[in-house]
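Annotation comment: TrEMBL describes B:12-37, B:65-83, B:95-111, B:117-140, B:149-171, B:202-220, B:240-264, B:276-295, B:302-321, B:327-347 as transmembrane segment.
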Amino acid sequence: MTTPLLELSGLTKAYPGVVANSEVSFDIARGEVHALLGENGAGKSTLVKTIYGLVQPDAGHMRLDGKSFAPAEPRAARAAGVAMVFQHFSLFDAMSVAENVALGMENPPALNRLARQIREVSHSYGLPLDPDRIVGDLSAGERQRVEIVRCLLQEPRLLIMDEPTSVLTPQEVDILFETLRKLREEGVSILYISHKLEEIRTICDRATILRHGKVVGKCDPKTTAARDMAEQMVGATLATPSRSLGNTGEVVLELTGLSAPAPRAFGTALKDIDLTLRAGEVLGIGGVAGNGQDELAMALSGEMPVAQGMIRMKGREIGRDGVTARRCMGLLCAPEERMGHAAAPDMSLTENALLTAGPREDLVRHGFLRWGRAKSFAEKVIERFDVRTPGPGTAARALSGGNLQKFVIGREIMQRPEVLVVNQPTWGVDAAAAATIRQALLDLAEAGAAVIVISQDLDELMEISDRFAALNGGALSAPRPAEGLGIDEIGMMLGGAHDMTPAHGEG
Amino acid sequence: MIRLERRPEPSRAWTLATPFVAVALTMVAGGLMFAMLGKDPVEAIRTIFWDPLFGDFASYSRPQLLVKAGPLILIAIGLSLGFRAGIWNIGAEGQYILGAIFAAATGLAIYPAESWIVFPAMIVAGALGGILWAMIPALLKVRFGTNEVLVSLMLVYVAEALLASMSLGLLRNPEGMGFPGSRNLAQYPSAANLDLIPGTGMHWGVALALIAVIVGQVVMTRHQLGFRVRLAGQSPRAAVFGGVNPGWLIVVCMGISGGLAGLAGMFEVAGPAGRLSIDFNVGYGFTAIIVAFLGRLNPIGILLAGLLMALTYIGGELAQLQMNLPLAAIQMFQGMLLFFLLAIDLMTNFSFRFGRRATA
């Protein structure tokens, strides 16, 4: 091996109050898939933004092809052959694939020529895409293809991928990995950011581990155990969530033919969902993003009331009841989006405690708020769930994602729910916080509550669920016992690869 | 290069300092404008801010301060509730007119019988008029998703036409020798809204405005309604998740703001104005929007902003009379106040960074 493609040496970047990167040095060889590992807040994003020209380092330098490389802006990075697929897509729902791709290019060719290029490139890399389709109609996996194809059209030498598999089914992950292998064969280097360790062991050649902004380890993921890598990331030994499999009790929640139209454009309609939930069980609901997860959560929380007779709790009909009435019955919910849905960003934690805990914790009397009680309830949540914050007076938006998530989940658990519905409970949360949250959910079930966990993280679902079901196009598969469920069966339940045919081996 | 950086938390210091900085900048910019018009800027600003309180004619203009500030504060308190919830009632002027029409009609229906019941009946009628007029945009928004800004604003012009029709037709003074306008309610003892302490301008409407400030403050800080209003304004999705019914909130907020605007109209028609006429409304409903924002949608702030705004009105009239300043210049001056307020308001949530792009 000659000079590496990209060398980073001594990169340091400080923000007021935190050092995001400190003396980070590693290199990426030509044609390798290099993993960048670390918890949330370990400095991965800052590092990647530095390479992509979004952030200028305070100290240190980079060399691309042995030549000094200091992109002042993403355009310069792209010109040098660096492309990036972001975790959050920047696509316009109402426009076609080709139009979306053109929007991200410096000098887009005529639309029909671009459409031909999209077709060629996407087929040759096994990610077939129809350039004329409207992005709003695409699945999450297909949207990611749009982003990837947009990058590939620039013929990059280094492709940065931030958490690329978080929105994919196992089958789609396989297709993506085929593509990455093909790119590697062509000499393209890939910087792969993820905290799914098994994936990294499958696809990556080398790994660099960050913690608190510093490189704390380098390893060959193919020969290192996932557990060892995780412990290097966290800097501590990890406890596996544990529970004594309790016996499930009587039926607490029944869904009968639950159907509802899509609440907004490009939303998903719920189709005829039947489900019986017993006290003490954890039901995992998997599925690719956008298959009705949000809608199901909203139908259960009461934000989207449904027709009479579709939802029963402990024998009582609650389909038309509002949020507060359901909360009083003991049906609590923690939505996926923390900022602006589960919590009001500009409000303090005390106020955010009032957001949902008013009726059950007696925080409101005769319409008047009982600030003292609200504050002490918020303090209890903060203490019990180890939320790192100066105090309950802090605005929610000042908390890190993981801390706010602990607060949001903790707020519901501390209200002693009989049924708890959580949507993506550990999304974007670091490994230690995720373990805390999972354990809390298991403890809750053990104490006799029924828990529904909606998640796209299959490993998480397999770890904590008693039964598993999948959402596909707004319909729910029949739940099956999670134990012994193979990855292929899960894939089938998720709806295969969503009619996305891999084109590998066709040329 | 100057860049804006979002603060992790809203700055408390700037929240308090904003109105003062805005007033100071308005004085500087306004002074420049007056100087360019060939007037002495110091004298102009003194005429606007000082003379109404302590000048030669202060004994006349001081009571006017409360008379003008009362309706502004009363309406602005109601509006601020909706504004905080993201419900934009721009039609307080129309609700104010309807309150006056309802109240005047009630009083005139009983005329000339004297009874203690007349005044309270007019208060109820005035509030009802404002509420009913505000329910039109509210219910249309809840039922059909129409834009309350447009509907409430358009209804101001309908209300003005109704006012003209009433002053010329149904409610015209039969003894008015054909002149448009109703009987003078201020001369009808049972209906008159007179000064509680003679010569101060302190009438029932002003008293109610002060009560509204206190109630408003309690509701915003201690009551569930205030919490729901703030929640709905800051994060609508979180509000729904928190159990707020958006339609219910629209009806309540529009109802309260319409009711208070109607009451302001009632107290005006029974007191300072005395009678319904074609030019009865002088823009309190619109100015109250400025007052609400100048007071940062906070009841205590609105109290101060209402007094300040009334001062610039009275001082502006004085400046027109004494210095021959054109009306447009006075309106420019009042516009500047809102402009600087909104511009400086940015500092609450953002901080300036000077220098080259070093971070991103």
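Glycine is no exception: its Cβ is also placed from the backbone N, Cα and C atoms.
TrEMBL entries are annotated by machine, without manual review.
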Intrachain residues whose Cβ lies under 8 Å of the transmembrane segment (B:327-347), provided they are six or more past its termini: 4, 11, 14, 18-19, 21-23, 25-26, 29-30, 33-34, 37, 48, 290, 293-294, 309, 312-313, 316-317, 319-320
Long-range environment of the transmembrane segment (B:149-171) - Cβ separation under 8 angstroms, sequence gap at least 6: 88-91, 93-95, 97-98, 100-101, 104-105, 108, 133-134, 136-137, 140-141, 180-182, 254, 276-278, 280-281, 285
Intrachain residues whose Cβ lies under 8 Å of the transmembrane segment (B:65-83), provided they are six or more past its termini: 52-53, 89, 92, 96, 200-203, 205-206, 208-210, 212-213, 216, 219-220, 229, 233, 253-254, 256-261, 263-265, 267-268, 271-272, 284-285, 287-289, 291-293, 295, 297-299, 302-303, 305-307, 309-311, 313-314
Contact call for the transmembrane segment (B:240-264) against the transmembrane segment (B:12-37), three or more Cβ pairs under 8 Å: no
Recorded stretch, among B:12-37, B:202-220, B:276-295, maximising Cβ pairs under 8 Å relative to the transmembrane segment (B:95-111): B:276-295
Within-chain partners of the transmembrane segment (B:276-295) [C-beta distance under 8 Å, separation at least 6 from its ends]: 19, 22, 71-73, 75-77, 79-80, 83, 90-97, 100-101, 104, 156, 160, 163-164, 166-168, 171, 180-182, 261, 264-265, 268-269, 301-306, 308-309, 313, 334, 337-338, 341-342
